[in-house]
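Since the structure comes first, as structure tokens, the remarks are kept for the end.
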Amino acid sequence: MKNILQSTECLEDQQNVSMRPNLLDDFIGQSSVVNNLKIFINAAYTRKEPMDHVLLYGPPGLGKTTLAHIIAKELKVNFRSTAGPLLSKAGDLAAILTNLQAKDILFIDEIHRLNRNIEEILYSAMEDFCLDIIVGEGCGARTLRVDLPPFTLVGATTRIGLLSNPLRDRFGIPIHLEFYSTEELTKVIQRAAKVIKTNISNSGAQEISLRSRGTPRIALRLLRRIRDFMEVTEHNKIITDTFADKALLRLGIDKLGLDRQDIQYLKFIYDSNNPTGIDTISSGLSEDTGNIEETIEPYLIKINFIQRTPRGRVITEKAISHLREQEYI
């Protein structure tokens, strides 16, 4: 039980815990999502019922885990957390489900990585709050039904297309998280700077937000790294736009927030002179296809630097102009 219920957040996320809002009123960005969640949470709380199952999906780093924590806090219930890859056996999931209390939140990160056998166990658990366990083997095998306390499953995924239709359809509240605007990220950075007691000018916060790829997780990481530079090298002890720019360039982050990995990806497609398949890119860059599709491509598609076509990935003229302006090619 200890292993499969351990925190599934990476070290970077753990360092962000102190900056994490605890209530929806403190959550910056995703305004329509927040407003709808307030309705759903208040309705469930008023009826004294478990909230309907929630599916949070979208690119990495937009606040899926944070929202799951907030839902539990707003409902004043326990929060249990695991991840799809950790649930390799039916017994793993059964152990978690049978230890839940009424109205608890069960958060499954990377839910798209559940194997099909585990997924099928979830069907009856989500719909009927029961668990069908096969006891015995062969002709003597029988099904034992175990009742479960009503609970809320919150699933998170960066690749909703990999979820099976039966599982996806069992989530009554699907929520799509989108990239943040520069203004929203500036507020995220300013709030975080106060939490970690770091002085930052408005222009400094905006400079970081412009280069954070529309992603709070990246913005918070860059803020921490720039703070490191400031504490060691800057005598004014305040992050200005000029200082942020210098620090970000030292970190290999260009004016649009692209890093060395992005540039290598774009140059590879540019040098190919033709639409390039994901497997070819993966092999050429020695990068996992999942990392390319989940981490690298979403932002490049958003800013119209690449296009996905049936024949492969195509670099746009806008991207080529940027590569030339920055003297990458």
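Heads up, the Cβ atoms here are built off N, Cα and C, so glycines get one too.
Cross-referencing ARG20, ARG260, ARG308, ARG311 against the ATP binding annotation in Swiss-Prot, which names GLY61, LYS64, THR65, THR66, GLU127, ASP128, PHE129, ARG170, TYR180, ARG217, picks out ARG20. Taking a C-beta cut-off of under 8 angstroms and a sequence separation of 6 or more, ARG308 (DNA binding site) has the following same-chain neighbours: GLU297, ILE301. Neighbour count (other Cβ atoms within 10 Å of the Cβ, all protein chains): 23 for ARG313 (DNA binding site). Counted over every protein chain shown, other Cβ atoms within 10 Å are most numerous around ARG217 among the binding-site residues ARG20, ARG217. Here the binding-site residues are THR65, THR66, and the one with the most other Cβ atoms within 10 Å of its Cβ is THR65. ARG308 (DNA binding site) falls within a strand when secondary structure is assigned with DSSP. Highest Cβ count within 10 Å among the binding-site residues LYS64, ARG170: LYS64.
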